[in-house]
Amino acid sequence: MALRFEILGRFNRARAARLILPHYECQTPLFMPVGTQGTIKGLTTCQLEDIGCQIILGNTYHLALRPTSELIDELGGLHKFMNWPRALLTDSGGFQMVSLLHLADITEKGVTFQSPVDGKPMLLTPEESIQIQNRIGADIIMALDDVVKTTITGPRIEEAMYRTLRWIDRCIAAHKRPHEQNLFGIVQGGLDPVLRDICVRGLVKHNLPGYAIGGLAGGEDKDSFWRVVAQCTAALPEHKPRYVMGVGYPLDIVVCSALGADMYDCVYPTRTARFGTALVPEGVLKLKHKAMADDMRPVDPTCDCMVCKKYTRAYIHCLVTKDAMGSQLLSYHNLYYMMKLSRNLHSSIVEGQFPEFVCQFLQKMVMNNPTTNRISPVPRR
């Protein structure tokens, strides 16, 4: 096991911890931006270091297609390939069962995809997923799971959960770098509490370095989403990191941290930046709105990031409709916001100020500001 997890502070179920990985010592709760093919669009790795990014997520499916895991391995691994000295996590490729379902055929052997690059079939088995991730070299690698949308009901949910448990055995057997890379299992079971409980118990008996809660953020209502997170975090080992996959809304991260989760990832902060939207304490700020055209204030007057110090809303409004620089500046700001949120969650728990922090966060989020929109549906990554 190439991981140490030390809890530094608690408030009820919320905890702040030190997560020590081969390439970096992280503080939790933490948010991981998604660099699907080894890059966060529009930002350099130096910029990501400057804003305090601790872990970047890469996608096994896409990296296996381009530039190929074999080439990444030949060039020294993904850390060296993308010039990133801190931690990396790679997804298993299982999420593409949902996002590319029209191109996929799922059997006990694995998932056969029709490549979006050349149309050829590509079989991703649990063994192949792990072998690809071993070549890529991330600090944390994910077991291949059978992913279904939470809006689906019926026997498919149970089938996917039990297949996920069968596949974890194959993933563990295929993992050739356990002293350098940490294999996390993924809890499935949809919105069914019985299935979730069975999956948790089936994974925990393997004593894995960490555990993820998967299959959420697929369109279910907030109450159901938070109920599943609460159930899983209560049942997962106290001394292991807990990762809620595909979650990127600030409100969800605060709530899930209060429920005992530690790690999150989503494309939301950077994707919404490319549509001209900034994350601010009150919710979101739409820079494409015509009211921004002559607004000389910074994006967020309370933010210390480079963008808020140097540029006005009016300038970014001009860019977001015409120039890629606009999405780059907003991506920088949005990830700075997420890193600051993570740091504030950590410090508030350690310093015994978590209830006060949550109250202040929620008070700002519900302020009536005509230039902001409160966040509603749950995103998919």
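The backbone N, Cα and C atoms fix where each Cβ goes, and this holds for glycine too.
TrEMBL labels come from automatic prediction, so no person has curated them.
Under 8 Å, Cβ to Cβ, and six or more positions away along its own chain, Asp91 (active site, proton acceptor) finds Leu57, Gly58, Asn59, Thr60, Tyr61, Met142. Annotated active site, proton acceptor per TrEMBL: Asp91, in sequence order.
Annotated active site, nucleophile per TrEMBL: Asp265, in sequence order.
Sequence annotations record features per position, and here TrEMBL assigns substrate binding site to Asp91, Ser92, Gly93, Gly94, Phe95, Asp145, Gln188, Gly215. Sequence-distant neighbours of Gly93 (substrate binding site): residues of the same chain at least 6 apart with a C-beta under 8 Å from its C-beta are Asn59, Thr60, Tyr61, Ala64, Val111, Leu124, Ser129, Ile132, Leu144.
Annotated Zn(2+) binding site per TrEMBL: Cys303, Cys305, Cys308, His333, in sequence order. Within the same chain, the residues at least 6 positions away from Cys305 (Zn(2+) binding site) whose Cβ sits under 8 Å from its Cβ are Ile51, Tyr332, His333, Tyr336, Tyr337, listed in sequence order.
Annotated domain 'tRNA-guanine(15) transglycosylase-like' per TrEMBL: 13-365, in sequence order.
The region 'RNA binding' annotation in TrEMBL covers 246-252 (among others).
Here the region 'RNA binding' (270-274) has Cβ contacts under 8 Å with residues 33-34, 40-42, 284, 327, 330-331, 333-335, 379 of the same chain, all six or more residues outside its ends. Residues or ranges marked as region 'RNA binding' in TrEMBL: 270-274 (among others).
Ranking the binding-site residues Gly94, Gly215 by how many Cβ atoms sit within 10 Å of each one's Cβ puts Gly215 at the top. In this structure, the recorded positions under consideration are Asp145, Asp265, and the one with the smallest number of other Cβ atoms within 10 Å of its Cβ is Asp265. Its own atom aside, the Cβ of Gln188 (substrate binding site) has 30 Cβ atoms within 10 angstroms in the protein chains shown. Ranking the binding-site residues Phe95, Cys303, Cys308, His333 by the number of CB atoms within 10 A of their own CB puts His333 at the top. Comparing CA positions across the recorded positions Gly94, Phe95, Gln188, Gly215, Asp265, the one lying closest to Cys303 (Zn(2+) binding site) turns out to be Asp265. Cβ proximity to the Zn(2+) site centre (mean Cβ of Cys303, Cys305, Cys308, His333, cutoff 8 Å) flags the following additional same-chain residues: Pro298, Val299, Asp300, Asp304, Met306, Val307, Lys309, Tyr332, Tyr336, Tyr337.
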